[in-house]
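Chemist: Not my notes, these are from TrEMBL:
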REGION    B:1-21  region 'Disordered'
COMPBIAS  B:7-16  compositional bias 'Basic and acidic residues'
DOMAIN    B:31-435  domain 'Aminoacyl-transfer RNA synthetases class-II family profile'
BINDING   B:ASP129, B:LEU130, B:THR131, B:ARG156, B:GLN172, B:ASP176, B:ARG330, B:TYR334, B:TYR335  L-histidine binding site
There are 2 protein chains.
Amino acid sequence: MRSPPWFDKDEQHEPQTKAGLHPLEVMIKAKVAAMLEKKKLLGDGQADQGKFVLKTAKGTRDYGPKSMAVRESVLKIVTDAFKRHGAETIDTPVFELRDVLMGKYGEEGGKLVYDLQDQGGELLSLRYDLTVPFARYLAMNKISNIKRYHIAKVYRRDQPVMTRGRYREFYQCDFDIAGQYDLMIPEAECLKIVDEVLSKLEIGEFYVKLNHRYILEGMFAACGAGSDQFKTVCSSIDKLDKQPWNEVEEELIKEKGLSKDNTEKLGRFVRLREFNPSMGNVELLDKLMEFEELARNERFKKGIEELKVLVNYCTLFGVRSIRFDPSLARGLDYYTGAIYEAVVPNILFSRIPEALEGVNLEANGEEQKGLPVGVGSVAAGGRYDELVGNFIGPTGPKGKEKRQDVPCVGVSFGIERLFAIMEAKMQIEQMQVRTTETQVFIASAQKNLLQERMKLCGQLWDEGFKVEMAYKANPKLLTQLQYCEDRLIPLVLIVGERELQEGVVKLRNVKTREEQDVPLTELVSTIRSVLALI
Amino acid sequence: MRSPPWFDKDEQHEPQTKAGLHPLEVMIKAKVAAMLEKKKLLGDGQADQGKFVLKTAKGTRDYGPKSMAVRESVLKIVTDAFKRHGAETIDTPVFELRDVLMGKYGEEGGKLVYDLQDQGGELLSLRYDLTVPFARYLAMNKISNIKRYHIAKVYRRDQPVMTRGRYREFYQCDFDIAGQYDLMIPEAECLKIVDEVLSKLEIGEFYVKLNHRYILEGMFAACGAGSDQFKTVCSSIDKLDKQPWNEVEEELIKEKGLSKDNTEKLGRFVRLREFNPSMGNVELLDKLMEFEELARNERFKKGIEELKVLVNYCTLFGVRSIRFDPSLARGLDYYTGAIYEAVVPNILFSRIPEALEGVNLEANGEEQKGLPVGVGSVAAGGRYDELVGNFIGPTGPKGKEKRQDVPCVGVSFGIERLFAIMEAKMQIEQMQVRTTETQVFIASAQKNLLQERMKLCGQLWDEGFKVEMAYKANPKLLTQLQYCEDRLIPLVLIVGERELQEGVVKLRNVKTREEQDVPLTELVSTIRSVLALI
């Protein structure tokens, strides 16, 4: 039995701290090398086989045991938080009737939906997110209140950027509260969850930007941009976290048709947080109300008041990471109230693409050129009160009753990005990842002890221990011990002829290399107590 | 706040034990009623909305919180077993390049693959099982040994039978051991896992049929059916668990072209277990060797000897559920050695379709007519030594070296069937299913205590407790207590004005309705110790 060879190629290298190199730089170099290697391998494979290139579909990847172990540790923190808040879970099919998805993601999004081939029967598409299937589920089952989470993969035919964790198949991890409840209480719980998850992941500093659709609408209206321009102005403002103001300003004037004066005014509004970096949330909300043209807009005023309530509730819940930011303009059509986005200004993560600049990789056929550097948004959400109602439509005997809306608010974690951050963190901190939970390995000291090993194995499995043994009739002792050291298995039971005659087995602590003879009759209790101490 | 209304419609009814009716019959009647109700609802919806029918794609379903809770409990038992045996987990994309899947599932299977629409770029298909993607993963990453499990959904455009748990989207739950190891040791571990999982699920009697490709080949050859007829004869023999011998015999003669004599001979071989129901495995293997025309076939002999080794290893592992059965003829092309299939002769499950006979349901558009009654196979697998090599092809500098095979053996649990059996069992035994893990509910006795509740909630979440509160500013106490009883939440903290002034809260045990005042300073430790006792 050899040392396990199944770690992903780009996971295998150990981060080295060579003279003068930051561990991160070493890691990046290794990553690049691994990718070039991969490319070479792929090329070779193609020539040799003549059949077809052995690869996964564009924008997708396999997850080897080590990646999966990291993912499971991140997902555990997230699901634990959801469960701590009393959420149930549901699951919906990976594809929906095409009509269910149509018109929900704007023009841009619609183009990215994967359609299934018409093989007779219904027209189907892969889900693009979990929110629309959730709304369909509520409407179809006439459910008017639920607190649920849903962790599943979604599909977008986007340009993939594998090095930055942007895939065509990726996990979403959603928590939503549906129901007619009192103002801002569910929102506060969503923000509490974001705060808990990001704290527990220990990925460094983070904060949660907060805004409200009414505030955006009010600011835009005061600058001559009516509701028909809401989306398009949002999409410009939304770029402020990646582009300087003068570029956004130019876009607003040249492409969106705002006047120079109005654009300047809008700049004063949306950049208020930027101009007052140390100001508290309530102070900043009050400051925005000082603009007369905003304050006389009732809807705007309502937005400000609602956020004040939310800020207070967050304080009561012990959430200190929120920052009101009038430049937060999440573009999704369906938001109707508060919106938020958690940001990790993580230097680790944002430096990786820089280091790769100029390297034209085609790992697994993906092109990496000319793509914008992201900002480290790791969770986002908001209130969407009308999405479910859109599915239900007007009800009642004549179809003329009022809409049956099911108010919803939720948050979605950018779990792929969290995985990537966590993997980078673990490599830099040289943390060892166990891919199995094996507690005891049953080894043999001499030949012809297979039957004894099997009997012991069976007994220990039946007692609930996590146990492995070599699948060889006569494995070498050293190979077996080496396997345990490689896989971080804490205990080895060594079966030997002398010991069997005496009715004992040798119990070895892999780390300390201490050994003791344990009578077979006391084996279970001894292992249990030794494991309890490790 | 109302009693939670989000249970699936067909889950909501309580099993009643009306006079003279078996609980199962009550359950079935309720299920039929719920389905007819669902059909009606769907019809109405269509008429009212005018837009489109709100439904999931044919052959798929949503899983509500209660179904998910049952699924998670089943999956936990399965994954615990996999982890107890030292398995790692991997994940592969939901779609593969079409070429990867082509020609792996025979003519029948190939027709059932879901293709994605050609939207420019690669031609993709949804995975049909997890075995072919696993083999592709091993070949692509040049992995020659791994013990992995993979739990994920697969897709088949089959005729769905929703009432019997046959869907177009369903979970597979695979455990496989890849690597060049000694004879039958990995097989024995697979069978041990099947034994452990089915025992722990407590779904009643089960046994595992065992056979070997070489034994099937030997028996067929002795009856004039060569290797070109292997698959087609297998498919007839495979029907023996659902059809009487005379029907299979007729098929073999009329459709497969076997002579009357040869068919009779084959019957004597494959029905050996049927004729000797109480015979032990080794005895039965020996008995088959008594047929001279079989014994002189070296390959057949090897099959018999290998199974004898496996039977011995199973005994050492404490597996008592295996039954050598020469009529087991799993049709998959890729098996090369031992094959096995676990069967639950479960009366509960097999009676449901009978009761539904004559009822022409169209729940969610599925037709239920004219479909064969299944036999309760809940796990199956075997050895497939050549599948990975087929992907790798011949290697070496000139592509003329010998094939790079990666021997594999594995088992796949029919997890959807296990879910269905478990759901039926829970309904019949009237077991209550909790869909959340909430430990403490924070209630208020009077109005205007929202802020106090929120503060307490935040503190208890931070301490790691699973806590909920009403999303209303002024909920009624009775409504809050009723919610806890409905959801089986064990503890309620009641915040009241009198208590707050005294620096205490009331802690109520929901089941016993006992209440005690707890000082706020001792709250965390008190809750911890009370929960430990519940």
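Just so you know, glycine gets a Cβ as well, placed from its N, Cα and C.
A TrEMBL annotation is a machine prediction, not a hand-curated record.
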Chemist: Listed L-histidine-binding residues B:ASP129, B:LEU130, B:THR131, B:ARG156, B:GLN172, B:ASP176, B:ARG330, B:TYR334, B:TYR335 - what's their greatest C-alpha to C-alpha distance in Å?
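Modeler: 22 Å is the greatest Cα spacing among the residues binding L-histidine.
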Chemist: To see if you understand the setup: which same-chain residues, six or more apart in sequence, place their Cβ under 8 Å from that of B:THR131 (L-histidine binding site)?
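Modeler: Those within reach of B:THR131 (L-histidine binding site), by Cβ under 8 Å and sequence separation of 6 or more, are B:ASP174, B:ASP176, B:TYR334, B:TYR384, B:LEU387, B:GLY410, B:SER412.
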Chemist: Counting across all protein chains shown, how many other Cβ atoms sit within 10 Å of the Cβ of B:GLN172 (L-histidine binding site)?
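Modeler: There are 19 of them.
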Chemist: Counting Cβ atoms within 10 Å of each candidate's own Cβ, which of the binding-site residues B:ASP129, B:ARG330, B:TYR335 comes out highest?
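Modeler: For the binding-site residues B:ASP129, B:ARG330, B:TYR335, the Cβ with the most other Cβ atoms within 10 Å is B:TYR335.
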Chemist: Return one of helix, strand or coil for B:GLN172 (L-histidine binding site), based on DSSP.
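Modeler: Its secondary structure by DSSP: strand.
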Chemist: Please compute the mean pLDDT of the model over the domain 'Aminoacyl-transfer RNA synthetases class-II family profile' (B:31-435).
Modeler: 85
